[in-house]
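Asks: For reference, the structure I am asking about is given below.
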Amino acid sequence: MNHISLLQFVSRSSLALLSPLPASESAPSLRHPPTHSYSHWGAGGWSPFVSDRYQWLEVDLGRRTQITAVATQGRYGSSDWLTAYLLMFSDTGHNWRQHRQEDSFGAFPGNSNADTVVQYKLEQPVIARYLRLIPLDWNPTGRIGLRLEIYGCRYTSDVANFDGSSSLVFRLSVRLSRTATEMISMKFKTLKNSGTLLHAEGPRDHSLTLVLEKGRLLRLFAFFQLHALCLSLSSLTPPLSHSPPSLTLSQDLLDDQHWHHVKLERLSTHLNLTVDKNTQQVHIPAELSHWDIHQLSVGAVQGHGLQKPILSNRNFHGCLENLLYNDLSLINLAKQSNHQVAVVGSVTFSCAEPVSVAVTFTDSQSFLQLPGLALWSSGVVAVALQFRTWNKAGLLLTFDLPHLDSTVWLYLSEARLRLQISKAGRATLELSAGSGLNDGQWHSVEMKSGQDRLSITVDKDEGATAHTSIPLPLTADSQNPFKMFQGCMRLLTLDDQPVDLIKVQQRLLGNYSHLQIDMCGIIDRCSPSHCEHGGRCTQSWSTFHCNCSNSGYRGATCHSSTYEQSCEAYKHKGNASGHYYIDVDGSGPIKPQLIYCNMTEDTAWMVIQHNNTELTRVHSSPERSQHSAHFDYASEEEQLTAVISQSQHCEQELSYYCRKSRLLNTPEGAPFSWWVGGLDPGQIQTYWGGAQPGSRQCVCGLQDTCLDPDHYCNCDADYDQWANDSGLLTHKESLPVRSLVLGDIQRPGSEAAYRVGPLRCHGDKNFWNAAFFDTEKSYLHFPTFHGELNADISFLFKTTSSSGVFLENLGIKDFIRIELSSSSEVVFSFDVGNGPLEVRVETSVPLNDNRWHSVRAERNVKEALLRVDEFPAATQEAPADGHIHLQLNSQLFIGGTASRQKGFLGCIRSLQLNGVTLDLEERAKITPGVQPGCPGHCSSYGSLCQNQGRCVEKTNGFLCDCGQSAYTGAFCHKEVSASFKSTVSITYMLKEPYEVSRNSSVWPSSIYSDMTLRGENISLSFRTHQSPALLLYVNSFYREYLALLINKHGENTQIIFYFWVPFFYIQYILTKFSLLSSALLSFYSISPSLWNLYVTYIIFQIDQNAREDFNLTSDVEFNNIKSLILGRVQESDELDAELAGLASHGFTGCLSAVRFNSITPLKAALLHSDSPVIVTGPLVQSSCGTSSPAKPYAAETTHSLSDQPGSVDPGQPLVNTMRSDSALIGGVIAVVIFVTVSALAVMARFICSRKETYRNQEVKAAQPEDGHEFPFSSQADSQGAPSENQKEYFI
């Protein structure tokens, strides 16, 4: 028979497996469940007779040992082996602790046959005396079988035990020199959830205290004289306002009587606090970067001279091990009775190990059944226990009261303890006590029942008690359902007799199922928290949840930002000017910031304000030689840096106004003034706005236009009159301006003023970064993607292909991939060690339509998510207690795979991984088969251009050309409106390039044959309380006219159409409509004529009502239109007396969005002074056409007649939005006239511009006679009312 050792101890570096034990070495003892002692032992290994999950093999190593690895093998010559198992460790043989891998996956892989050795190296060595192996799965055709080997080495330590009233005080020697780093480290174990671990004091009342609170918060209090050093890293239990600053580090539950490692170290200006494997780091001021600890008290807070503890109720009760200050063992000093150490109270140098057997209820099938006692039949019952849980609800215990024929239920509901007595399934009596009992802390419960009295007490030290008398007889009520309890229990007593849970485990007492006995398996899933960006973590027994409210982020772990990364991105979602939250790095660490976005037609500006954008005057003062100003920006430093970095262009106005106040002096002399700009803290700059860095000039110096040619700034001429040097700073490396120093202000008579404008940036380099893949074998490669716990990937694509891989990154086993699997489906697949998972989104529209489509994929420890465009997102939950780390090691491939198969054909744009944009364009420049950039944006964004606006392609993006629209703005969405008085008249001349007569034999169309007229379209909006009122008047060179009027008739309002040509006159009341109606009016012609308009029928529609057709005549002409008039008609000879009188009264109210074909007379009159427009009277541009009318017309009636142009909802900015909705507010009249062109003649119209313009006011730059008067406006742009820079193209 072969002798095979079950255990072998070797050094950490040894690779020996299953070698025979020397005869002289005693083997560690073995244990297994007593009820299954009939196990096979010997050469084959261990195999219990019963193979189930209640078996275990326990090893006593004789003393605490540092365990580094375990190896398993199946039973020799059999089909018995384990395929999965758990490892438990303990110092005492009780209070076991399950060992978990780095990513919290508890099960270890076993064997696949009986002979192969499978070794698992522990990522962190475990120090324990006892090891217990629990089989989970085994060969289905065999039984549990095992040969085991353990690797490790001896472990020694210095230990001290504190009883809750004792402490150690160390007086440290004064050091002559300071070290670069200082460190305090220790291990501790305790059953108490609160206590002071250490307290350090230095000179000038400096102190530092490390405190355990509620078993799960390790708090560092720091107090420094003259300094408020805030080290708080958690808001779970913030310190009181009068408390010293603190650092709170949330960890696993630390009152579990297991060893926990703590290290506090100072590294230059950093302070690191490490608990077990988690580290928090904070910055400390440079002057506090040394400790100079004079006294260190352990176990309590002791003042100088061994005073009574400052926090008398917070002494530590438990054990400390290997307490080190730098390399000095303080416990060893205490053991040697060193004079530097004073012992307060009873401190022993061995660890007292109280035995407390807990039981864990792991799932809904867990239960423990115990026999009742004899006294219970008479109704005398006393039950006590302690429990801890994360769940708000769960049944703790239940038993019968035979004398009442009733059942008692003790349970949790809404985190309160409730007791219910029920009879025949109906509740008869209820009590409740306590609150917030799902906090993971141990809570004690006592329940006592007498003949006619019942009471429950929760945490008796806190006095949460409820009691009542039991009424007899019991009456029936409703039944209360219960959830099963998941959590831990200990110290269970029945009638003051403790329940021996070890006997329960040995099947000698009661019955149980799905329990973990002699351990508390509670896991703090919020420590450390997987919730990012300030998300609040809450948990139940099996999972955690992140509350992302008010964080600005979303998702299962608050990982993905809810905001766009630039104003450019908001604009391309159809948003107009306004304040928006900008998250410059997406899911990265930089917080969102509120920024004003100024959306112009071709640019989206980000405007970042500071504390003084006003023009500020500085008077001479002989008491001071300089004036300095510091500028604090609304954005934080890292936000400013990111905005400037990702923008294509940034600028900031820097202006200086002067009278006898020099600016930069001569190039040879020292500058009088300078400014500081650039990344914090910035650098001194001696050039001025409009000049180049390092030039020591102003813009006039570069242009040779300075007042004094011997100087390079106007102000350096030192004239006794006002001058200025103003310009824009555009060198991004010098922005933003942080401070300004003016030096020549002390002389008598010196005056100056300055203005530093807001920082303005536009162009998002990340948003338009794109690459075009023109072959299936082409791809881009980047370094490995590191998204171990959280990975978010977002991009835009457009293609005509039906499939292709967007992205792939591989590991040894793990991978991540996103691909277009069909023309309407995107697939996100990955593997983190739990097997491949897929998330699919199928769309209802094809994705290969050569338009931009967005993809966002996210994978975290909770779930995986995939979203395509605005279609519903698909999610896939992560398996419970599975692997959570994504481990990749290959290059990241974009547009293809390493195998060069299933490559993507098309464009990928704005690819971001965890908030970092990959520079596709730069990599594409050096990669064959891939081209940088990707044109063709109007196919995707053209619909944003509203109201006849035309989409124009740009290299990076698009713009809306509003030249032929009656609207303006970034999307041609802002109505151009004006308030009319009765004397106002606008006449737009449609005059031929030469005089036309009926007898002319020359057809203008022969010259302008490319301007064939196909129809007429007229639309306008109005708001008025005048009735009747003339809305529109069109006349011709031959005294023909067309007029539209409104007239209120009773409760309704009429639209009256007048049309007059020689020998033919129409007055037609088209319809009656109520207030706030919209209508469509169209004229159609079927007879061709070069200069004549034949009207045959009219189509009229109100809102969504049925269309009305009105047949007129086919023989009526409207020849040679001369002009279009809004408001008062000056010449009305062709009108009859009634109409002439009405026309002379003009129009009072608001007109908006007036359009005649491609001509916009109102827009031309207000915004384009070179148009053929004649304006008389005080025409004033206003916002009266918006949905919120101005106060002068607040009471007016609003009507709408329109051709109902399609509009795109551009979304709502947060505050002070400058947009006007595209929906027509006033009344809109649309007249559409189609004229069919003869096959033999081609029509043309010649428009001759008669440049007659009217201006309300001519502004001149007047120089005051008194040169000492400050001539410059102090008005400055503000964030509350920013101006919108408009650019129009008028035809």
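Backbone N, Cα and C atoms are what each Cβ position is placed from, and that goes for glycine too.
Where the annotation comes from TrEMBL, it is an automatic prediction and has not been curated.
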Asks: According to TrEMBL, the disulfide involving Cys934 connects it to which residue among Cys907, Cys960, Cys962?
Replies: Cys907
Asks: Which range, 543-574, 1183-1214, does TrEMBL list as region 'Disordered'?
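Replies: In TrEMBL, the region 'Disordered' feature sits at 1183-1214.
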Asks: Which residue range, 238-271, 612-645, 1258-1291, is the one TrEMBL calls region 'Disordered'?
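Replies: From TrEMBL, the annotated region 'Disordered' range turns out to be 1258-1291.
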Asks: Mind giving me a neighbour count for Cys907 (disulfide bond)? Other Cβ atoms within 10 Å of its Cβ, every protein chain shown.
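Replies: A 10 Å sphere around the Cβ of Cys907 (disulfide bond) contains 23 other Cβ atoms.
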Asks: Using a 10 Å radius around its CB, how many other CB atoms surround Cys934 (disulfide bond)?
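Replies: The Cβ of Cys934 (disulfide bond) has 23 Cβ neighbours within 10 Å.
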Asks: Just give the helix, strand and coil counts over the domain 'EGF-like' (935-973), going by DSSP.
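Replies: Split by secondary structure, the domain 'EGF-like' (935-973) comes out as 7 helix, 12 strand, 20 coil.
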Asks: So what pLDDT does the domain 'Laminin G' (991-1184) average out to?
Replies: 65
